[in-house]
Amino acid sequence: MEIQFLGTGAGQPSKSRNTQAIALKMLDERNEIWLFDCGEATQHQILNTTIKPRKITKIFITHLHGDHIFGLPGFLSSRSFQSSDEQTDLELYGPVGIKDFVLTALRISGSRLAYRINFHEIDSAGKIFEDDSFEVHTDLLDHTIFCLGYRVVEKNRIGELDANALKEAGLPFGPLFGKIKKGEIVQYEGKTFDPKDYIGADKAGKIVTILGDTRKSNVAVRLAYGADLLVHEATYEANESKMAKAHGHSTTKQAADVAKEAGVNRLLLTHISARYVGPLVGQLVREAQTVHSNTFVVKDFYEEKIG
């Protein structure tokens, strides 16, 4: 699992930072990419990456401020230009109003999509998705409008198969190995091969928390609890706490406080005000690291493997 930042700015695009969009790449786990927010020009940012729009199967919108949604109509339309045999439906999660925004933009512009969008409008906290390998939880953050944070939980994966031990026990390599890997007891030439004897302990799944705009809050701590990675906004430097509170945002140290209280492993800071460029970005990093050492301020196109 990898994360890539397509836009890391706050409020409006700048020469160095586009508006908010984050790609959670789950190609090895499920051959999919999940997109979190879709600010203006997200599709242009994607052109500078290896991301294929058809691989984006889910979009999670944190809130309806323009710097988080103005790229949606364009991206959704361009995604429709793929060949018909590559079309896949898309799941779109977000606050109440996201469906009206998207459908109105498509209708007024005369845009027709070659795939279906399944809308999931969220008005309360809870689990919004679950399958055999992942689940997603959401809760309400403390911003100036209704705003969500998302907690992506990978379920524990089955442990490694000890192929050498199976061979030494007399089982030839082949389809029977696959059955044991699936947890099936296998009989072969009078011998019983029990999966519990040949499969190691389950591997703990990863936890990734991606928050929308927010003041420091207990909800943010709960969503991030024990996460391998927390993505938190840091619109302002540490000494601008009053301004951050007034505008529904966080400072570097407040974001780091959340990470520390939640026991997070890695903290990545985004949603950076355009006032912070050059050496000032280093100042933001140092401020946060005084509270949570494993912290970094990301820039557009920054990519990192999780865990």
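Just so it is clear, glycine is given a Cβ too, placed from its N, Cα and C backbone atoms.
For the Zn(2+) 1 site, Swiss-Prot lists H63, H65, H143; matching the candidates D194, D197, D202, D213 against that entry yields D213. Among H120, H137, H271, only H271 appears in Swiss-Prot as part of the Zn(2+) 2 site alongside D67, H68, D213.
The C-beta environment of H143 (Zn(2+) 1 binding site), restricted to residues of the same chain at least 6 apart in sequence and closer than 8 Å, consists of H63, G212, D213, T214, R215, G248, H249. Around H63 (Zn(2+) 1 binding site), a 10 Å sphere centred on its CB holds 23 further CB atoms from the protein chains shown. Cβ neighbours of H271 (Zn(2+) 2 binding site) (same chain, under 8 Å, six or more residues apart in sequence): T8, G9, A10, Q20, D213, E233, A234, T235, H249. When the binding-site residues H65, H68 are compared by the number of other CB atoms within 10 angstroms of each CB, H65 has the fewest. Within 10 Å of the Cβ of D67 (Zn(2+) 2 binding site) there are 22 other Cβ atoms, across all protein chains.
Secondary structure from DSSP puts H68 (Zn(2+) 2 binding site) in a helix.
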